[in-house]
Amino acid sequence: MVQLLKFLRPYITTVAIVLILLFFQSLGELYLPTLMSDIVDKGIVNGDTPYILKIGGLMLLVALGGTICSITATFLSSKTAAAFSRDLRGKVFSRVETYSLHEFDKIGTASLITRTTNDINQVQQVMIMGLRMMVSAPMMCIGGIIMAVSKDAKLSLIFVVVIPALAALIFSVARKALPLFKVMQGKLDKLNLVLRENLIGIRVIRAFNRVDHEKKRFNDANRDLTENAIRVNKIIAAIMPMMMLVMNFTTIAIIWFGSVRIDNGNMQVGDMMAFIQYAMQIMFSLIMVSMMFVMVPRASASAVRINEVLDMVPEIVDADEIKEMDRKKGFVEFRNVNFYYPGAEQPALQDITFHVGPGEITAIIGGTGSGKSTLINLITRFYDVNAGSILVDGVDVREMSQESLRAKIGLVPQKAVLFTGTVADNIRYGKESASDEEIRRAAETAQAMEFISGMENGFESILAQGGNNVSGGQKQRLAIARALVRRPEIYIFDDSFSALDFKTDAKLRAALKRETKEATLLIVAQRVSTVIDADRIIVLDDGKIVGMGNHKELLKGCMVYREIVTSQLSEEEIA
Ligand SMILES: Nc1ncnc2c1ncn2[C@@H]1O[C@H](COP(=O)(O)OP(=O)(O)OP(=O)(O)O)[C@@H](O)[C@H]1O
């Protein structure tokens, strides 16, 4: 929690103003009972009406001043806390943006969402309360004690019993509630996870008639969270009545002992009335502190989760010294690359060595799980190799900036991801400054023109929720157009033609060949027809290269390739 306070730095002036305002408000509140006791002891007892009116007027003024201070302080503290959480959300978001895929896997998407929203809200709420109480509670408590002692030191001995009793009460409640609060955020994560999976997988859930199963899963997570919340709230709900009980007993004790002292002539009635009010103020300040005790643990559980995100050091960062790149363009070289996913016993890639250059089409083929996507993810540096090195344009990818590396690459991922916006916006994602003509040309090459012109508003048609209103093949073609508009040195197509029919696939590849003559093309594919014309085909099996060459060479020399080909093409086609 303390770690997060640094985000308050830009608002330090406002925070200081809030604290000063609250100081004056508390001062006013401490002054009021004394004024009231004066009215009783001097005004009423002596029948001095002008005195009563004068002090009564002063009381009104003090109360008004206090109210103005309080309202302004509340306004400013709420504004500051909102700005604080806006900044913090921004910070968390930009941190997450620097994560490599490892870190994403570690925390999980659902939890990252909860941490950026709900957890920050918890901290914000405590911030508002904390700002107010930081000054009010100690002032009211200590000031109240001083004032009470000044009114009647002997009667103040009551506090020697009351305050430790209240403190013990608060402490025991906090000890019970704290672990439950910690668990609460975890349960919220779980609920978010189920919800997220359900929303994304709604089609699968319906198709497999798993609605009831998913309902149960959601209800379980929901019930779990609710039960925990009820348990916590029960404890918190018990605080108030217990506090009130202590307060009422204290009042009784003050009146009891006070009246004895008044009887003996040691105390005046007004002083006793003021004393009761000071006792109330002291106890209310303790209640405020107890509320903090309740809220701070929950917020600190949230703060820990936020700090976890902020403190997680991304595994993939730019090197301290960025190497200048040669003037070469479009060269990719793997040198004895080994790669393990964290926790995996077997390497996903083993001893991979090959190089490709501009003007070449290299296809990567292999069974599912053979490591094709992994190999691609290493070029874009989504992961770092465990051994060996990958050079792009003659420089190790770990020694160049991630930005300049990725500027060279146009990636079409296996699963086409689009963003809410127009068709043109989505293609322009590849190159912000792209002209309408460039966008049209990219769409033409990607064989997307036909369906785009068939849409009601053409390039200005809106893609709902990341492209839910276009087909899988259309999505893929838009993702291809997005990469093409960039005109990168290296194109990477990760199984990007799989959702296309054979005719479109062939047309697209022919158009690509024309458009990307100077560039390096890496095409991951499952279909032999997609790779057959490639200059070089790399055959992967179980993370190892088992063959490299063109179609004819591999047919002769690579068993695995021959098996893939015979499983897909007829004898005549092979011949
Ligand atoms: N994020 C990950 N964490 C751990 N293991 C992974 C991860 N992604 C892939 N793997 C494993 O690495 C191996 C290679 O996976 P990869 O996705 O590269 O295969 P692929 O050849 O692209 O398969 P497909 O054609 O089915 O997409 C597989 O055994 C897979 O289980």
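Positions of Cβ are set from backbone N, Cα and C atoms, glycine also.
Listed in TrEMBL:
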TRANSMEM  12-32  transmembrane segment
DOMAIN    16-298  domain 'ABC transmembrane type-1'
TRANSMEM  52-76  transmembrane segment
TRANSMEM  131-149  transmembrane segment
TRANSMEM  155-174  transmembrane segment
TRANSMEM  235-258  transmembrane segment
TRANSMEM  278-296  transmembrane segment
DOMAIN    332-567  domain 'ABC transporter'
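For the transmembrane segment (235-258), the most Cβ-contacting stretch among 12-32, 52-76, 155-174, 278-296 is 155-174 (pairs under 8 Å). Sequence-remote contacts of a segment are chain residues at least 6 beyond its ends whose Cβ falls under 8 Å from one of its Cβ atoms, and for the transmembrane segment (278-296) they are 1, 29-30, 33, 125-126, 129-130, 133, 136-141, 143-145, 147-148, 151, 158-159, 162-163, 166-167, 169-171, 173-174, 177, 236, 239-240, 243, 246-247, 250-251, 254. Listed as Cβ neighbours of the transmembrane segment (131-149) (distance under 8 Å, sequence separation of 6 or more from its ends, same chain) are residues 15, 18-19, 22-23, 25-27, 29-30, 33-34, 73-74, 77, 80-81, 155-156, 159, 274-275, 278-279, 281-282, 284-286, 288-289, 291-292. Mean model confidence for the domain 'ABC transporter' (332-567) is a pLDDT of 89. Within the chain carrying the transmembrane segment (12-32), a Cβ under 8 angstroms from the stretch's Cβ atoms is held by residues 59, 62-63, 65-66, 69-70, 72-73, 76-77, 79-80, 131-132, 134-136, 139-140, 143-144, 147, 277-278, 281, all 6 or more beyond its ends. Panel annotation: around the transmembrane segment (155-174), residues 145, 148-149, 235-236, 238-239, 242-243, 246, 250, 253-254, 257-258, 261, 267, 275, 279, 282-283, 286, 289-290, 293-294, 297 of the same chain, lying at least six beyond its termini, place a Cβ under 8 Å from a Cβ of the stretch. Within its own chain, the transmembrane segment (52-76) is flanked in space by residues 14, 17-18, 21-22, 24-25, 28-29, 31-32, 35-36, 38-39, 43-44, 131-132, which lie at least six positions past its ends and keep a Cβ under 8 Å from the stretch.
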